[in-house]
Every structure is written in structure tokens, then in C-alpha cells.
Amino acid sequence: MSKLVILAVLVLLPLVTAEHGRDEQAMQPEKKTMWTLWSLTRRGECDGKKDCITNDDCTGCLCSDFGSYRKCA
């Protein structure tokens, strides 16, 4: 009987974890969409177009790395 219970757990465990993984993957596009909507609402020097060296060069945002450039975002 105990072997049957262990076998059932071993069979059902991957199914439960696979469903959990699908839920996490389904939520990622929403996060990306929200990030895109948020970045589109940025105006002024915080839109990623103004060059900067330190955070003091940006008003209301941070100086961030974009590839080999630093921009206010």
C-alpha cells in the first residue's frame, strides 16, 4: 500500500509543478505590457533620450546604462 502511495506522489508531483510553471509564464506578458505602458508615459528628460553621467544630471529619474551609453530614465 505504501508503495502505491509513493508511486502516486511521484506521478502527480511533476503534473502539479508543470501547472505552476505555466501560471508564471502566463503572467510575464502582463508584466511586460505594464512596463511598456509605464515607459510610454515618461516625458521630458526621463524618456531615455537625454545623455547623463551621474544621477544629478537627471531631474526626477535615474541615470541608467543603455548598452554603452548612459541615459536618464
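Keep in mind that glycine also has a Cβ here, set from the backbone N, Cα and C atoms.
For 1-18, the entry in Swiss-Prot reads signal peptide.
Swiss-Prot lists C46-C61 (among others) with the feature disulfide bond, giving similarity to another entry as the kind of evidence. Every protein chain considered, the tally of other Cβ atoms within 10 Å of the Cβ of C46 (disulfide bond) stands at 18.
DSSP assigns C52 (disulfide bond) to coil, not to a helix or a strand. Of all Cβ atoms in the shown protein chains, 18 besides its own fall within 10 Å of the Cβ of C52 (disulfide bond). Per Swiss-Prot, disulfide bond is recorded for C52-C63 (among others), and the stated evidence type is similarity to another entry.
Under the heading disulfide bond, Swiss-Prot lists C58-C72 (among others), citing similarity to another entry as support. DSSP gives C58 (disulfide bond) a coil state; it is part of no helix or strand.
Its Cβ placed at the centre, C63 (disulfide bond) has 17 other Cβ atoms within 10 Å.
For C58 (disulfide bond), the same-chain residues that are 6 or more apart in sequence and have a Cβ closer than 8 Å to its Cβ are E45, C46, K50, C52, C72. Local packing around the disulfide-bonded residues C61, C72 was summarised as the count of other Cβ atoms within 10 Å of each Cβ; on this measure the leading residue is C72.
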